[in-house]
Amino acid sequence: MEAIEELAELSESMRQAAAILADEDVDETSSSSSKRSSTFLNVVALGNVGAGKSAVLNSLIGHPVLPTGENGATRAPISIDLARDGSLSSKSIILQIDNKSQQVSASALRHSLQDRLSKGSSGRSRDEIYLKLRTSTAPPLKLIDLPGLEQRIVDDSLVREYVEHNDAILLVIVPAAQAPEISSSRALRIAKEYDSEGTRTVGIISKIDQAASDSKALAAVQALLSNQGPPKTSDIPWVALIGQSVSIASAQSGSASSDNSLETAWRAENESLKSILTGAPQSKLGRVALVDTLAGQIRNRMKLRLPNLLSGLQGKSQIVQDELLRLGEQMVSTAEGTRAIALELCREFEDKFLQHITGGEGNGWKIVASFEGSFPNRIKQLPLDRHFDINNVKRIVLEADGYQPYLISPEKGLRSLIKGVLELAKEPSRLCVDEVHRVLLDIVSAAANATPGLGRYAPFKREVVAIASAALDGFKNEAKKMVVALVDMERAFVPPQHFIRLVQRRMERQRREEELKNRSSKKALDAEQSILNRATSPQTGGQQSEGSLKTLKDKSSKQEKDVQEGSALKTAGPGGEITAGFLLKKSGKTNGWSRRWFVLNEKTGKFGYTKKQEERHFRGVITLEGMQH
C-alpha cells in the first residue's frame, strides 16, 4: 500500500510537469481537478457478465460498495476516486460531494447505486456514475467498473473512452471456470488491442473457490499463474482471487471493535487459495498480491514516460534560461514596457506564421495541395458530361432566340450553356476556401507553439490564437464572396475568342478522326488483300509438301500451264462472293496488253488487280458501286 502512495505522489508531480510542458495552468484548487486525476492511477475492469469485476474492485476498496450479482449488476460505468486516510477506522467511509464530506456506510452506498442503476425502463444507461471516497483501507486509485462486455450498451466507443488512455491499468477479469478458454476471452482481446506489449495489463482469475473441484480449470489457472499459459497471456502478470472476502468480512464483523476483520478475511482468503492452488507461486495469490502487481505495472508505465518528460522539462528550462538571458534581470513594470513586449511577441508570431505559409513548414504544404489537388478533383467530379451532352447542346441552341423570335442564335445558346456550367464551379470553390481555412487555423496553433516568447505568457498566447482565428473567420467569409464574384464575372462575359477556339478545336478533332479512319481503312484493305491471296493461291497440300512450284516447272511446260490458269476462274469466300483469275490489261504507257491477276469482291463492290498472283497489295482498285451496267 505504501508503494502505491509513493507512486501517487510521483504521478501528481508528473501530471503537473506535463501541464507545464503543454503551457496549461496548474491549478490544484480547481473544481475540475477532482475528476481529472492522472491516468497512471486509473484502473479499468474488463470482463463478461458474472465474471466478478465488482467483487474484485470491492476487495481493492476494502468495502462492499459496488453491487454484485450473477446477472449483470453493473449496468452503467461506475467511477470511484479513492483517497487513503490513515486516521479513519477500517469501517469508516467518507463520501465527498463538491467541498462537503459525509460519512456513509457501505450498504447505504451499495443500495444507492442499485437504485440509480435500476432507474428507467430498461435500467441501462451510458452515463457515468462518479463517486469520490476516503477510506483507510483503499489504495489511492481511480477504479472504473464497466458493465459486462456482452451487454447491449457496451460498444466499441464506450470501451475506447476508458481504455484508450495510454497509462490506464487494464484489469482482465476471468472466472476460474473459464480459464481453459482464456484465449477466446473478449476482455483479453480488447486489452491486447490497446496494450499489445502487456505493460499496463493485469490478469485476474476470480472465483477460485467455485472451481475447486474442476481439475481442468485448476490446471489452466496454475499454468496462467506460472506464465505457461497460451502465448497471448505469457506477457501479462496474473493474480488469483476468491473475490468475496470483503463481503464475508462485512457479514462477520458485527461489532465496532472488530477493526481487524478485513485483514483477517484477506489472510483467510490467502490460506484458502494456497490450499486450492498448491503448486502456484505464493506471490500471486490474494488481495495483497493484487495491490503489489498493480504497483509494479504503474511503476513500469512511469519508467516509460519519465525519459520523455525529463527531456521536455530540460528543453523548457533551456528556453526559459535563454529568455531570461535575452531579457536581462530588469522586469517590466510599466504599461509601455508591457505593450512593447506584446508587440514584439506578435511580430515573432507573425514571422513564424509566414514561415509556415511560405516555407511549407508544418501544414503549409496542404494549402498548395488544396489548390492543386483537391480543387481540380472536385471540378472533375462535376456532371459536365450531362451538360455538354450533344442532345442537351442541340436543345439549348434550338431554344435560343436570335434578334427575331423566329430566328435562332447558336452563340447565345452556347453562352447560356457556359453560364450554367460555370455556376457549378461555385460550390467547389467554396469548399476549397473552407479547406484552406481549416489548414490556416492549424498553422496558427502551430506557429503559436513554435514562438518561444509566447510560451512564457500562456494567457496572452491564448488571446493571440483567438484573435488570429477570429481574423481568419472574417477573411474566410470575404474570400467566399470574392470567389463567387469572380465566377459571376466569368459567367457575365464570354469573349468571342472562346468560340473561335471552339471551332479550331472542332476542326482539329475532325482532322484527327479522319486520319484515324483512313489509317483503319488502309489496314482493313491490307488484311482483305492478304486473305484473298491466301484464299486464291493455286498451291495444294501435296505441292506444298514437295516444295515450291518454281522448282517443279520448266521452260517447256510454263506456257501451257499459264494458258490453263488463264482460262480457269477461282472462287473463294463463305458465299463464293470472291472471284479471281488472269485477264489481259492494256497498259496506258506502252499501249500494249499484259497479263494481270484480277480479283472481284461482289460483297464490297471492288475490282482490283496485281501483276502476279503472289503479290499482297493491289496495284489498282476500281469501285463498282454507282457505275452503270
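Every residue gets a Cβ built from N, Cα and C, even glycine.
Among the features that TrEMBL reports, domain 'Dynamin-type G' is placed at 37-307. The compositional bias 'Basic and acidic residues' annotation in TrEMBL covers 512-526, 551-564. Sequence annotations record features per position, and here TrEMBL assigns region 'Disordered' to 512-572. For 530-548, the entry in TrEMBL reads compositional bias 'Polar residues'. As annotated by TrEMBL, domain 'PH' applies to 576-629.
Shown for the compositional bias 'Basic and acidic residues' (512-526): DSSP residue counts in helix, strand and coil, namely 15 helix, 0 strand, 0 coil.
Note on the compositional bias 'Basic and acidic residues' (512-526): residues 616-618 of its chain, located 6 or more positions outside it, place their CB under 8 angstroms from a CB of the stretch. Under DSSP, the residues of the domain 'PH' (576-629) split into helix, strand and coil as follows: 0 helix, 27 strand, 27 coil.
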